[in-house]
Amino acid sequence: MVDRLVNSEVNSRRMANVEQCFGKMGEQLSVFGRVLVGEGVLVKMCRKKPKQRQFFLFNDILVYGNIVISKKRYNKQRILRLEGVQVEDLEDDGIEKHGWIIKTPAKSFAVYAATETEKREWMLHIERCVTDLLERGNKQAATAHAAVWVPDGEAVKCMVCGKTQFNLVQRRHHCRNCGRVVCGACSSRTFRIDNVHKKPVRVCDHCFDSLSSATPGQEESEPKTGNRLHHEDSSSDSEDEVNGSGRSSNESRPTFYREDVQQPAT
């Protein structure tokens, strides 16, 4: 089905519509050989809380953004190249159901669908697109993926020392190697993690020791008081929210345009 859609008029219209919804701030998505495979709303676990995001699956990239006006306007476009994407199932945990992890070299995060069927559809289509892309032979799979950040709300104390209570003075930080929420005293050093960022990024003391032992020769970086570290703990995902959070509605059920993937059993 995807091969038949390549450079078809209907596929071109779909991609042009996605570009129009992101406006001038989004990147050009209509390129030769690219196919829009599916689209829909997923709940992304952001640093502060879960929030709805619009996702578009192409045969070579996964695109998502903030919802400004449903099906009409999106912003803060993010593009993940599928050769670096890996999906991992998440077991249901209380109210957090129908979720999985999207792993990439630079950023990894959890997403949730409205139903188990939609979850399986998304995972099947993403895995199939990744497999097809790699089998074509001109892309290589990623060998390292970023850690999933522990949400702020799941840590009232530093997850390294277990003593520092977070408040307005004692801010939360995230280790870029393990994803834990840590205090400033337990994450004062930086280390270059090539798949995450070209410059040294904040890591906790435990990870700094293990990374230094595994990669001798890297110099320690001690930030001065008041200076911001590279990749500081800020997330545009938590800013300028328009539509609020919550699970996907029936109006935002995913639509997939390829018909050659076996549908999950209901």
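Using N, Cα and C of the backbone, Cβ positions are placed for all residues, glycine too.
Swiss-Prot lists C158, C161, C183, C186 with the feature Zn(2+) 1 binding site, giving sequence analysis as the kind of evidence. Other Cβ atoms within 10 Å of the Cβ of C186 (Zn(2+) 1 binding site) number 21 in total over all chains.
DSSP assigns C178 (Zn(2+) 2 binding site) to coil, not to a helix or a strand. Marked as Zn(2+) 2 binding site by Swiss-Prot on the basis of sequence analysis: C175, C178, C204, C207.
Residues or ranges marked as compositional bias 'Basic and acidic residues' in Swiss-Prot: 221-234 (among others).
Residues or ranges marked as compositional bias 'Basic and acidic residues' in Swiss-Prot: 256-266 (among others).
Predicted-model confidence for the domain 'PH' (35-131) is 95, expressed as mean pLDDT. The annotation domain 'PH' is assigned in Swiss-Prot to 35-131 on the grounds of sequence analysis.
According to Swiss-Prot, the region 'Disordered' annotation covers 213-266.
Marked as zinc finger by Swiss-Prot on the basis of sequence analysis: 152-212.
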Name them in sequence order: residues not among C175, C178, C204, C207 whose Cβ is within 8 Å of the mean position of the Cβ atoms defining the Zn(2+) 2 site.
A147, V160, R176, N177, G179, R180, V182, S187, V203, D205, H206, F208
Report the nearest neighbour of C186 (Zn(2+) 1 binding site) in space among the binding-site residues C175, C178, C204, C207, comparing Cα positions.
C204
Mind tallying the domain 'PH' (35-131) by DSSP state, helix then strand then coil?
19 helix, 53 strand, 25 coil
Applying the rule Cβ within 8 Å of the centroid of the Cβ atoms of C158, C161, C183, C186, what extra residues of the same chain belong around the Zn(2+) 1 site?
K157, M159, V160, G162, K163, T164, V182, G184, A185, S187, C204
